């Protein structure tokens with residue numbers, strides 16, 4: 001291989017998968033600083049990819065153990081929106097195929113919005129089934145947020161296109177005959193729960209952005225209904241909306257004034 005430009009070396013390294021590649025052996029002997037920087041970057045990317053693969057395998061242990069018992073339809077379930085002062089609580093149930101692989105998958109709260117959106121599209125395209133459950137602020141006020149979250153999770157299961165054989169749930173127990181395991185911080189320990197957290201988060205964020213367009217003075221598209229200074233000041237200035245949870249402090253106190 002004749003001497004290549006720095007740009008050509010960069011393109012080659014994008015194609016090269018292994019140190020054993022003859023082209024890599026030539027590039028690694030190239031003493032130009034630009035090429036050596038690219039080699040270092042290549043090693044760092046490989047190290048990151050390996051760490052992501054190991055993390056993904058670790059997060060697949062619950063699903064793999066159940067598959068070894070002959071189960072196929074394993075649903076991960078998670079919620080988003082228990083804490084906000086406005087908007088619904090949203091849950092998702094996701095059944096993934098055995099060959100599912102998205103490196104970098106993690107708890108939705110630890111991902112950037114751009115990454116969540118990308119993963120959302122990939123999960124939607126690859127999942128065996130996805131069900132979403134949405135419970136309104138009015139119902140939250142009637143039955144409390146804990147019961148509303150359980151109801152939303154049961155709705156998400158009911159909205160799946162196939163019946164799950166097993167449930168992996170983030171920190172909840174559900175009143176259903178389907179066998180289940182509750183996992184504390186499950187969105188960082190199970191790929192199915194992590195996928196569900198991403199579906200639920202993106203679904204709810206999109207709903208809150210629509211609310212932001214409907215009520216521009218409240219800034220819902222920025223705080224997603226959480227009790228930020230901006231949100232509380234907007235409530236003081238413009239009043240409580242039907243989308244607010246009237247059983248939540250400080251909304252409850254504002255109404256009683």
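Any Cβ shown, glycine's included, is placed from N, Cα and C.
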Swiss-Prot divalent metal cation site partner of 78, 79, selected from 170, 205, 253: 170
For residue 79 (divalent metal cation binding site): DSSP state (helix, strand, coil): strand
Which same-chain residues, if any, lie at least 6 apart from residue 78 (divalent metal cation binding site) yet have Cβ under 8 Å of it: 91, 92, 169, 170, 186, 187, 193, 194, 196, 197, 200
Nonlocal neighbours by CB distance (under 8 Å) for residue 79 (divalent metal cation binding site), same chain, sequence gap 6 or more: 89, 90, 91, 149, 152, 153, 170, 172, 200
Local Cβ density at residue 170 (divalent metal cation binding site) - other Cβ atoms counted within 10 Å: 25
